[in-house]
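**Student:** Annotation comment: Swiss-Prot describes 11-74 as domain 'HMA'. What Swiss-Prot lists as Cu cation 1 binding site is Cys22, Cys25, and the listing cites sequence analysis. What Swiss-Prot records for Lys76, Lys189, Lys216, Lys241 is ubiquitin cross-link, and it gives similarity to another entry as the kind of evidence. Under the heading region 'Superoxide dismutase-like', Swiss-Prot lists 88-234. The annotation disulfide bond is assigned in Swiss-Prot to Cys141-Cys227 on the grounds of similarity to another entry. Per Swiss-Prot, the feature Zn(2+) binding site maps to His147, His155, His164, Asp167. Annotation comment: Swiss-Prot describes Cys244, Cys246 as Cu cation 2 binding site.
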Amino acid sequence: MASDSRDRETACMLEFAVQMTCQSCVDAVSRSLQGVAGIQSVEVQLENQMVLVQTTLPSQVVQALLEDTGRQAVLKGMGSGRWQNLEAAVAILGGSGPVQGVVRFLQLTPERCLIEGTIDGLKPGLHGLHVHQFGDLTRNCNSCGDHFNPDGMSHGGPQDSDRHRGDLGNVCADADGRAVFRMEDELLKVWDVIGRSLVIDEGEDDLGRGGHPLSKITGNSGERLACGIIARSAGLFQNPKQICSCDGLTIWEERXRPIAGEGRKEPAQPPAHL
């Protein structure tokens, strides 16, 4: 089952690369995170241009705080603790429309999985979010298969015992069309979903309670807006890269360019979460 109650959430460790050149940079970064609810500890390493944050906040929120100092920040890894890396994954969502986003998965404990991310381009309101059976994008999101359901259950909400394992409930987009979320789930395991897909839908998931013929199948949440394959990603201290071997871009140059495609050759202004 999933949880989004702040007092029940499990803190994770976020590893950021932050452009810092002097002690005043360190002081500014430290002040930006000082006293922020949901941040439990901060370690700033000038020599490594690294900031470690133990927090229950979404990584996008912490990154925005760091970049409010006028310095670029790149999330390089996540972990459940400094000395433990169970498994981590990421899905980069896109489709034929304007919806795009990044969603990260982290196995906090053998029994508890963190799902957090930012999705842009949505209509304000609730949108169903689900892990689907296949990592097949040959027909955009229509080839992703049904909800991930190895237990043969009916569709339900993340708090229900009778639910698909891929049922993550709803995320809420604000007036600007951005959904920033963090949830924990006791059924989903990162190692079970790598290679599958994550899909965001056009409407609200009724959590199996709507009485519609699709309620117990899909939650009647409408068309699939955007999707991405769930792939392994770096845990803490597992991503030492400073320069991309494929094209020679530094992590700071990558921060201001698309992840792939022709646009990567020229500077571009990306969404803040990429």
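Placement of Cβ uses the backbone N, Cα and C atoms for every residue, glycine included.
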**Student:** Which residues does Cys25 (Cu cation 1 binding site) neighbour through Cβ under 8 Å, counting only same-chain ones at least six apart?
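**Tutor:** Result: Val18, Gln19, Leu46, Thr69, Arg71.
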**Student:** Output, ordered by sequence, the same-chain residues six or more apart from Asp167 (Zn(2+) binding site) with a CB under 8 Å from its CB, or 'none'.
**Tutor:** His130, His147, His155, Gly156, Gly157, Pro158, Asp160, Asp205, Leu207, Gly219
**Student:** Which entry in the list of recorded positions, Lys76, His147, His164, Lys216, has its Cβ near the fewest other Cβ atoms, using 10 Å as the limit?
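**Tutor:** So among Lys76, His147, His164, Lys216, the recorded positions given, the one with the fewest Cβ atoms within 10 Å is Lys216.
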**Student:** Say you check the Cα of His164 (Zn(2+) binding site) against those of the recorded positions Cys22, Lys76, Lys189, Lys216, Cys227; which is nearest?
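**Tutor:** That would be Lys216, nearest by Cα distance.
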**Student:** Which residues does Lys189 (ubiquitin cross-link) neighbour through Cβ under 8 Å, counting only same-chain ones at least six apart?
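**Tutor:** Lys189 (ubiquitin cross-link) has long-range Cβ partners Glu87, Gln107, Cys113.
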**Student:** My understanding is the cutoff is Cβ-Cβ under 8 Å with a sequence separation of 6 or more in the same chain; which residues meet that for Cys141 (disulfide bond)?
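**Tutor:** Set apart from Cys141 (disulfide bond) by at least 6 residues yet with Cβ under 8 Å, we have Gly95, Ser197, Val199, Arg224, Leu225, Ala226, Cys227.
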**Student:** Using C-alpha atoms only, work out the spacing between Cys22 (Cu cation 1 binding site) and Lys216 (ubiquitin cross-link) and round it to an integer in Å.
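**Tutor:** So the alpha carbons of Cys22 (Cu cation 1 binding site) and Lys216 (ubiquitin cross-link) sit roughly 57 Å from each other.
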